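Annotated features in TrEMBL:
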- B:20-41: transmembrane segment (TRANSMEM)
- B:420-440: transmembrane segment (TRANSMEM)
- B:460-477: transmembrane segment (TRANSMEM)
- B:498-531: transmembrane segment (TRANSMEM)
- B:537-559: transmembrane segment (TRANSMEM)
- B:566-585: transmembrane segment (TRANSMEM)
- B:597-615: transmembrane segment (TRANSMEM)
Amino acid sequence: TARPCMLISSSVALDFVLIGRTSAFLLLHQARAERFFRSDHTNNWAVLVCTSRFWFNYRHVANTLSVYRSVKRLGIPDSHIVLMLADDMACNHRNPKPATVFSHKNMELNVYGDDVEVDYRGYEVTVENFLRVLTGRLPPSTPRSKRLLSDDHSNILIYLTGHGGNGFLKFQDSEEISNVELADAFEQMWQKRRYNELLFIIDTCQGASMYERFYSPNLMALASSQVGEDSLSHQPDLAIGVHLMDRYTFYLLEFLEDIHPASQANMNDLFKVCPKSQCVSTPGHRTDLFQRDPGSVLITDFFGSVRKVEITMETINLTVPGIPLERFGGEPHTETALAYVDQLPVAQIIHQKPKQKDWHPPDGFILGLWTLILLVFFRTYGIKHLKHIF
Amino acid sequence: MGLLSDPNRRRALTNLLTRLNTPICVLCYLAGVAWFMGLAFEPFTLRTYMSENAMGSTMVEERFPAGERALVTAREFGAHKRKSGAMPVDWLVKTMQSRGLEVYTQSFSRRLPFPDENKERYMVRGTNVYGILRAPRAPRTEALVLSAPCSPDNSNNQAVGLLLGLAQYFRSQIYWAKDIIFLVNEHDLIGMQAWLEAYHHTNITGMDWAPLHGRGGSIQAALSLELSSDVVTSLDLVLEGLNGQLPNLDLANLFYTFCQKQDILCTIQEKLQRSDWDSVSGYSQAVQTMALMVLKQASGRPWGDHGLFLRYHIESATIRGINSFRQYKTDTTTVGRLLEGMFRKLNNLLERLHQSYFFYLLPSLSRFVSIGYYMPAFGFLAVILLLRALDLWVQLGALPSVTEDGVGSRALPLQSSSPSLVSILTPVVISHLTGAALYTLPVLSQELAVQHFPVSETEAVVLTAIAIYTAGLALPHNTHRYSSIAKQGWRVLKLVAVLYLAVLLSCTALINFSLGFILALTLVPVAAFVTPHVPKVLSAVVMVLLAPGCTLLYCVFAFQELQEAPVSLIDGWMLFLSVISQGMLDHALYGSLVYPLLALFIYPCWLILWNILFWK
């Protein structure tokens, strides 16, 4: 169901676009144009967290980095991504390929890349910092890159991975965040209007327990396994000597690789990622707190950035056929060759006199001066000299 | 009234205790022995598994290629060793440097208390050579050690060759997070002790060594390699270390999983794995393996060069290559790959191995018995001593009432019903003095003995020990003269002796279960049944047969029997003498505690019981 504000904005847009109208075309164009304004979010944010450290938890860092890669590829800039990695796998002493983190065995895909920006690293990834990022209660000295500066029109993607259990997620081998804390943090975000819609994905053992306690509106959650099940890792790489990815995120990455910024895939496709035959655990999802129908929610609403531009190859006829378009002016407007504005007006800087192409009459001041001199001359020396001049 | 405060009920309980004491003791003894034998029964054991998360499974790709080159290096090493007679220090230093390691040497010297006839050495002087491979990117805080002993004869050349080959291969990898120290030690255990003492800045045994110039950080794990042939048919894992200490079970699990991955035959106690552990022959092999481990652990000596690392909380094991007549042979490259895999997994460790058991018995490489399962066997034997002590306490408590009620046929003076402290202490002190003499005199008096008797120093030491041991048997006739205590004073002495023995054996079993269990097997029946009223001659013979010295003799024969190399009586006796001398040397050289324990504590305890037997 469309909201009143959407109808108003769409009808305003239609007024600008259409000139001739019939009711049937109005509806058709209205439906097409409505696609521009389906979700009312204006910006996208992503908070991607890996909570485990140590070399044998390589796969959690690889999970987070692969989601980071997809999210960046689909358009969310680094300034809108808060990436928290609890340990440095790329530069770990045990990494036989330094400065890389692979997600596929045989080293097909390096998810570390050249331009990764980690906002919270190492021991900074704590439960307190994570909750502060979500709720915005950060000290004034925190730089912008470490803040979640979302507003009430932001769609936020939150991805958590690590070791978890029934109702908790372990941070850094020393502390835990419980599902109650997480639900309360989201409620704080809702009350402070820090999000428009929120997608929560968690890939841990017994991950479904983490979204059981949510109670704020506009939350959609996905988990890699149900309570009592373990999320399994996907494949080991013998050269590196560790498991590279978890199964759920591996198939999620595979799914996301097919998404491009104009893709129309919706959430129902995301729910089908990694069925039990591939994942061994049963992924779960929760949509009861979400206002819209998941079938109408695009993947790019959360994983990509907002674009008011729809790239299309087909032509859309915005006019009613048969009614000629009135043009402004009569003759065709000859296009003058466009040039850039002079960025550096050297002439004005060096005070050169501009070359004048046209003759201009002498200056009025000089004319008046000469007239004054002549009148004074004839006054003093007599008027009889005037006939010598004229 | 309560159960214990009601005199009638208490008397009923104590009567029950007194009446049933002997049957319960016998039952407990049989239960203890049966429990121990049942430990190796397959349904009661657990399958071994890897506990350390960081080591994970065997997912690592081993690529060591240079087995043949390692054999060439081994032949070179052998040639240089033959030429120089001792360890070829210069050649080793040059070779290690050419492989890119930081090489250092350490010289050491030690004069043994008396000549070692097994290894034919008395005044030992040697050099250790070690090269450190620095981790390319990591700080130098942790290290791993791979060592191979340099033996004077033609053995262990291939171990040194493989060590050098692995050093070259490891040097070209970038994934090492810990320094790796490649150590070639001379005079096996003595050299290793000198190196370890210098590395950890301690001096426990009074050895003379030069300080180390290069160091690698705290050692997390160590492997010692003994390889004497170009091809091997099986690899044997040796775990028992000094004082019966064992490395973490995860190290054995790691070895076993990699052996399975590389398809190498691996053994423990040189007994092959089998698939039918629940059959009768399978059970008997499991019992034999476990009994061998118990005997080796009880001897308290390090059974490989790794045994000395355990004292510093460094998990270590020795891998011994065995070449027997078998069709399927494994070449050096595969052994190198196994070591490479093990080191890569140890490299992944973030903290010392601590997740798995430190106290266990292995009936086979794939099954283990943890301390929680085997301790009740000893517990049953210790309970016997406590029951006896309770019985004696009850008897002592009942005695004054007997003398009071008794019609004065025996008019005993009242003060003699509770013997004085001095009269109890006398046999105790004299027994301990004998023990102290047994501990100190043999080594001190070897000069004197050599002058007067035509024996070598070693024989002199051993025979002096046996002489003092036997002389102790004559003591009751001497101590008796100095005491004038009442006839019933033996009960107090026995109470003291039984409690003392219980404490001693329990403490021993906590540190070295095997030693405590074997001593308990023979000493607990002695302590339980000995009183002055049993038939003297028979009990004297039984006591001597169950004395610590004879226990050692039986252990020697049992050990040879279990290793499928039974010996005749004469050879067994010679072996027994050499075991005594080795025990004394181990104590002097490495700090083994078996000899002092037996001489200073167990033997005096047995002497006190001997005194009780001959009480008049």
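Positions of Cβ are set from backbone N, Cα and C atoms, glycine also.
Curation plays no part in TrEMBL annotations; they are all automatic predictions.
Beyond its flanks by at least six residues, the transmembrane segment (B:537-559) meets 291-292, 295, 298-299, 466, 469, 473, 518-519, 521-523, 525-526, 529-530, 566-567, 572, 575-576, 579-580, 598, 602-603, 606, 609-610, 613 of its own chain at Cβ-Cβ distances under 8 Å. Sequence-remote contacts of a segment are chain residues at least 6 beyond its ends whose Cβ falls under 8 Å from one of its Cβ atoms, and for the transmembrane segment (B:597-615) they are 427-428, 431-432, 434-436, 438-439, 469, 472-473, 475-477, 479-480, 487, 489-490, 493-494, 496-497, 500-501, 504, 508, 515, 519, 523, 526-527, 530-532, 534, 536, 539-540, 543, 547-548, 583.
Across B:460-477, B:498-531, B:566-585, stretch B:498-531 shows the highest tally of CB pairs under 8 A with the transmembrane segment (B:20-41). Sequence-distant neighbours of the transmembrane segment (B:566-585) (same chain, 6+ residues past either end, Cβ-Cβ under 8 Å): 112-114, 116-118, 299-301, 442-443, 458-459, 461-462, 465-466, 552-553, 556-557, 560, 592, 594-595, 598.
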